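According to Swiss-Prot, the disulfide bond annotation covers 26-98, 29-92, 56-67, on the basis of experimental evidence. According to Swiss-Prot, the feature domain 'Saposin B-type' maps to 22-98, an assignment based on sequence analysis. Residues or ranges marked as signal peptide in Swiss-Prot: 1-21. According to Swiss-Prot, the site 'Essential for homodimerization' annotation covers 96, on the basis of experimental evidence.
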């Protein structure tokens with residue numbers, strides 16, 4: 001009986017819907033873009049590249065998914081969009097994270 005209860009609790013705890021996963025990924029993405037915008041303004045493009053590289057080397061779960069999307073899109077293109085003052089939600093939509 002304890003095993004069944006444990007399995008049910010475990011299943012419920014990890015039963016995240018695709019919509020909820022998408023919301024999490026989108027929120028992570030917009031937060032990342034805002035962080036990168038601040039970093040780009042204060043430290044420059046090389047620091048943005050270093051930050052993304054460092055983050056992605058340690059990433060797992062949703063962060064790893066986001067890293068894959070960012071790297072597939074291209075860091076230089078991402079930096080250009082940030083420099084062009086494109087909204088974080090629009091950037092995340094372009095990289096298919098929102």
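Glycine residues also receive a Cβ, built from the backbone N, Cα and C atoms like all the rest.
In the three-state DSSP reading, residue 92 (disulfide bond) counts as helix.
Note: the domain 'Saposin B-type' (22-98) comprises 65 helix, 0 strand, 12 coil (DSSP; helix = H, G, I, strand = E, B). Distance between Cα atoms for residue 96 (site 'Essential for homodimerization') and residue 26 (disulfide bond): 9 Å, as a whole number. When the Cα atoms are compared, residue 29 (disulfide bond) and residue 56 (disulfide bond) turn out to be 13 Å apart. Across the residues of the domain 'Saposin B-type' (22-98), the predicted structure has a mean pLDDT of 94. Within 10 Å of residue 92 (disulfide bond), counting CA to CA, the disulfide-bonded residues 26, 56, 67 contribute 26.
Sequence-distant neighbours of residue 67 (disulfide bond) (same chain, 6+ apart, CB under 8 A from its CB) are 52, 55, 56, 59.
The number of other CB atoms found within 10 A of the CB of residue 56 (disulfide bond), across every protein chain shown, is 16.
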